Amino acid sequence: MLQTYLQSIMNQSHLTYDEAESVTNLMLNGSDPHQIAAFLAVLKYRGETPTEIAGMVSALQKQATSVDLPFPALDIVGTGGDLANTVNISTGSAILSAACGIPIAKHGNRSVSSQSGSADVLEALGIEIEMTPEELLSCIQEVGIGFMFAPIYHPSLKKLAPIRKGMKIPSTFNILGPLLNPANTEYSLIGVSNEPILELMSEVCLQFQNTQRTFLFHGSGLDELTTLGKVVGYDIQQGKKTRIEIDPTSFGFASCKIEELKGGDSKMNAFILKKAFSGQQGAIADALIFNAGAAVWIFGNATTLEEGIQIARQTLMEGEALRVLEKWVAFSQQLKLKRGSCN
């Protein structure tokens, strides 16, 4: 059956919402791995439509383990696939955002196309990444941030992980990932790896009714807010999108080069983030401030992006991000001890 859909998209046909749901279910339920890889490659080459993405998201969310949070929360996430091997900026920014008082429910996974995914660097920082919904809620309430490891909350995707990793190129799942937060966070910062995807995802985000506000952006070839150069994005709320162009230097940031944002493996990236949290200035600290400032603004705790950046900068300077990280590590250790005593 998947072969039928593969032939259809090879002929440049577009799938309906229901067909996109069906093809996703086929991929999750034992289709031939070679056909799945071919389908994903052809779909990426042909280009996805907003309707196809929305249908695939629907199929995946129906099979997910959902998390009901009794308060609004925010996620900072990127599509990945920019192949730049930068430090885990969105993960570090999530910790700084939590230090700024924003409840963070971060959804992520291990690396697919980079050296270190969000789950990898969090483990290297000493965080327990596998938490039940109940443990996650306690973590956010006590620490201000929690992490939902994709294989735990989207177990159906485990079957596709080896295929995606074996492809060694970005696929449609890079677009789907940021839209699959199990907590259905009302607020999101979503970075995308190129401008065509920015336009596509802005149309997809308009179809989601559960979100209050989303900031979707692309910056100088990366799925991160950095000071490399101009950032373009969309502020999406109440069924409308507003295009925004941002010059980081207008907020007091110095321009940087891509080499200043480079990371390594998960241990190296954990070390780099800790240095930034401990007061080391530079391009990485600026990127964390930029992203967290946007989070403060989008969440409504600042009236402008400039004010949000000022709050994030002051919070980082005062060492609050490092304190949140230490608190998160302590929570993780206590959780492991609690589990051990129950066995």
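Heads up, the Cβ atoms here are built off N, Cα and C, so glycines get one too.
Residues or ranges marked as anthranilate 1 binding site in Swiss-Prot (evidence: sequence analysis): Gly78, Asn109. Long-range Cβ proximity for Asn109 (anthranilate 1 binding site), meaning a same-chain Cβ under 8 A and a gap of 6 or more residues, is found for Gly117, Ser118, Ala119, Phe149, Ala150, Pro151, Gly177. In the three-state DSSP scheme, Asn109 (anthranilate 1 binding site) is classed as coil.
Taking the Cβ of Ser90 (5-phospho-alpha-D-ribose 1-diphosphate binding site) as reference, residues of its chain lying under 8 Å away and at least six apart in sequence are, in sequence order, Ile76, Val77, Gly78, Ser118, Leu189, Gly191, Glu224, Asn291. Ser90 (5-phospho-alpha-D-ribose 1-diphosphate binding site) falls within a helix when secondary structure is assigned with DSSP. Look at Swiss-Prot and you will find Gly78, 81-82, Thr86, 88-91, 106-114, Ser118 tagged as 5-phospho-alpha-D-ribose 1-diphosphate binding site, backed by sequence analysis.
For Glu224 (Mg(2+) 1 binding site), the number of other Cβ atoms no farther than 10 Å from its own Cβ, over all displayed protein chains, is 29. Taken from Swiss-Prot, the feature Mg(2+) 1 binding site applies to Ser90, Glu224.
Residues or ranges marked as anthranilate 2 binding site in Swiss-Prot (evidence: sequence analysis): Arg164. Here the Cβ of Arg164 (anthranilate 2 binding site) has 21 other Cβ atoms within 10 Å, regardless of which shown protein chain they belong to.
Under the heading Mg(2+) 2 binding site, Swiss-Prot lists Asp223, Glu224, citing sequence analysis as support. In the three-state DSSP classification, Glu224 (Mg(2+) 1 binding site) falls within coil.
Fewest Cβ neighbours within 10 Å among the binding-site residues His107, Arg110: this applies to Arg110.
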